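Data first, discussion second: the structure below is written as structure tokens.
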């Protein structure tokens, strides 16, 4: 038996990919332009709907002057969610047939139409139609960016790659809030048309950026184009040997029902068998995040600060978005240090405490300056913490839980749930918080606290730890119906360590690399080489 140097099948882990794999990181950064457009739209309207000139144009005349009533605010903020439903249909029809990149390009073209309508909007109806069309575009591009990033990223840094979305959305929030702060005092329609019109740059930037990103290797495997899949994988695995590339590609092939020619799938399959649990988990934190009180950190931020008598609500929103950006950067580290399960428990428990505190202070009189200042301060803390914990979880859940053949539909369904949750919350909140309606104000946070308590209990019993797992490993564990609390310790047969690899020796003979079972039982990546003959 010839001696040989052992090969560590996971030699190129998180440190290598974060410090040397520039093509992978640049690709994911280019894809993050899709997240930026999504974040800019959300945050720009948080300020625009509170601008005096916007209210004068689209509000209702009352004895106290023009006012955006609860009905007006609900229409502007919630009706565009219909665009997400249209986007879901578009993804189901296009993504696996034409690819992730083509779907993104199509979404961008549609988005330009909606953004033009918003910029020239002469009525609330035209503005709402424009937002609905743009929402369809944003839904499609966001979904495809999540899918493509997850399929390009290696398991060792998948969490950090996916939480890049939260950082980019945070950057968009700071920029959007800064623009609103700079223009809100202008007493012409330019005050709101400029921030809204700048959205037009988003689709153009996305098209240019995505042009330089390779197509997903998973998409090529679905189409049966293995050579292209390998070429795509090589481009984002700098420093990897041919054997390691082949190993990862083989691991991708182990994903359940991958080749389209071998097994057809239907969108309704996301509700069948083990996929039902995966679909529920993928959707979990996008809904929980909306139930946490996030709306007051985005859509209604400026209006809420006006309700609690803050002197300059636009400056407060700018401060809030800066803190959220800091939280998102922190979340990129936390998601890999704590893992998914511990972060879920931390997020729900701390947000429960913050919601109780804000809601309790809401019983103070509006003239109590100290109480109102304390509420504002806690809202800033809330913004930082939700960006550091809850937001990274929702993006990771959307990307990691779906199986390969159903990833597009599951991701789209999860984002659709987020939009529907936003629709309900955005429509209901004005009616229960505005002075002309339920007048709950900050006390509404007590309702959010109840949701966080329920979410904590659910996460403790049902949320699995999937940090560092390959997609094939997740397929195996979900099909085996492993208890969610046992995911972290479970040893998978489909891990890379189990995959036998044929490599060429210098003398021209072949060598089979197989894992050492004792090492594998400890779930480590090292393997033992055993020569079984020459060819």
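Keep in mind that glycine also has a Cβ here, set from the backbone N, Cα and C atoms.
Residues annotated as domain 'Major facilitator superfamily (MFS) profile' in TrEMBL: 27-467.
The feature transmembrane segment is assigned by TrEMBL to 43-62 (among others).
According to TrEMBL, the transmembrane segment annotation covers 74-95 (among others).
Annotation source TrEMBL lists transmembrane segment at 102-127 (among others).
Annotation source TrEMBL lists transmembrane segment at 133-152 (among others).
Feature annotation from TrEMBL assigns transmembrane segment to 164-186 (among others).
According to TrEMBL, the transmembrane segment annotation covers 198-222 (among others).
Per TrEMBL, transmembrane segment is recorded for 280-308 (among others).
Taken from TrEMBL, the feature transmembrane segment covers 314-335 (among others).
Long-range neighbours of the transmembrane segment (344-364) within the same chain, counting only residues 6 or more positions beyond its ends whose Cβ lies under 8 Å from a Cβ of the stretch, are 285, 288, 292-293, 338, 371-372, 374-375, 378-379, 381-382, 385-386, 389-390, 393, 440-449, 452-453, 455-456, 459-460, 463. Taken from TrEMBL, the feature transmembrane segment applies to 344-364 (among others).
Annotation comment: TrEMBL describes 370-390 (among others) as transmembrane segment. Within its own chain, the transmembrane segment (370-390) has Cβ neighbours under 8 Å at 166, 170, 285, 288-289, 292-294, 296-297, 304-305, 308-310, 316, 319-321, 323-328, 330-331, 334, 343, 346-347, 350-351, 354-355, 357-358, 361-362, 364, 442, counting only residues six or more beyond its boundaries.
According to TrEMBL, the transmembrane segment annotation covers 411-432 (among others).
Sequence-distant contacts of the transmembrane segment (444-461), counting only residues of its own chain at least 6 positions beyond either end whose CB sits under 8 Å from a CB of the stretch, comprise 284, 288, 291-293, 341, 344-345, 348-349, 351-352, 355-356, 358-360, 362, 429, 432-433, 484-485. Residues or ranges marked as transmembrane segment in TrEMBL: 444-461 (among others).
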